[in-house]
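Annotated in TrEMBL:
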{"type": "DOMAIN", "residues": "16-158", "note": "domain 'Vta1/callose synthase N-terminal'"}
{"type": "REGION", "residues": "160-233", "note": "region 'Disordered'"}
{"type": "COMPBIAS", "residues": "169-180", "note": "compositional bias 'Acidic residues'"}
{"type": "COMPBIAS", "residues": "185-206", "note": "compositional bias 'Low complexity'"}
{"type": "DOMAIN", "residues": "266-303", "note": "domain 'Vta1 C-terminal'"}
């Protein structure tokens, strides 16, 4: 993919979108679709913040140029031309990144790469809002991922051992409220602890990573590093693949015939199509469980008119 023109310095008003733009840059080669929607989110958010002052207008104009160049390069990619496909692609990518970090957390493997995965997953869930309101599940995932990134980062910084799993989030009610404020006081060097409680993904070391096998259904998106960095002092161990848990299939679905009096609305067809797109996107990551669940939802909707 051709290199994009560089952006002017980020205006102070746009500090709240700096990490989304950094995530876009990190995905320009890894996943251009993710990079495109990160920039689109930054563009839409920036317009709401300030589209009148000269420096902001200049920045947004250059960002718009990047978006147009990306859209041209991606051509007829369905994830760009069809919102349903784009939303499914982004949701599945964010979920895989979240599941990878959550899998490491629950196994007690705490390291900077999993912190970054938690934080990036929360940013990508922000980006999903370009398609509309978030589901309650996505809202919970975003808050939990952001809280976990902050909590584990602070523990490692202070030489403490984090507690694995979902504990303590009820006590931290300021995670979302402090996001913008924290962005202005992030640490500049990984080895120089800061008083900020917000994790900075830019501080991730670029150390060597060796390939390891990730259990099917709980692995990170393509090209996401999945090993403890050597700088953490934790020895890396290959994770042995584990069988996927396939959801039970309702036997009634094998003999379903659409009833004559069932009338599907355009919204029903759109939802069924969305479930099928979700299933296709899940299969790109070999996530059979998610694919089966979405296909069952589509089939039930089309044959009964209900979800």
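The backbone N, Cα and C atoms fix where each Cβ goes, glycine too.
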- request: Average the per-residue pLDDT over the domain 'Vta1/callose synthase N-terminal' (16-158) and send me the rounded value.
  value: 94
- prompt: What does DSSP give as the helix, strand and coil breakdown of the domain 'Vta1/callose synthase N-terminal' (16-158)?
  reply: 120 helix, 0 strand, 23 coil
- prompt: In the domain 'Vta1 C-terminal' (266-303), how many residues does DSSP put in helix, strand and coil?
  reply: 35 helix, 0 strand, 3 coil
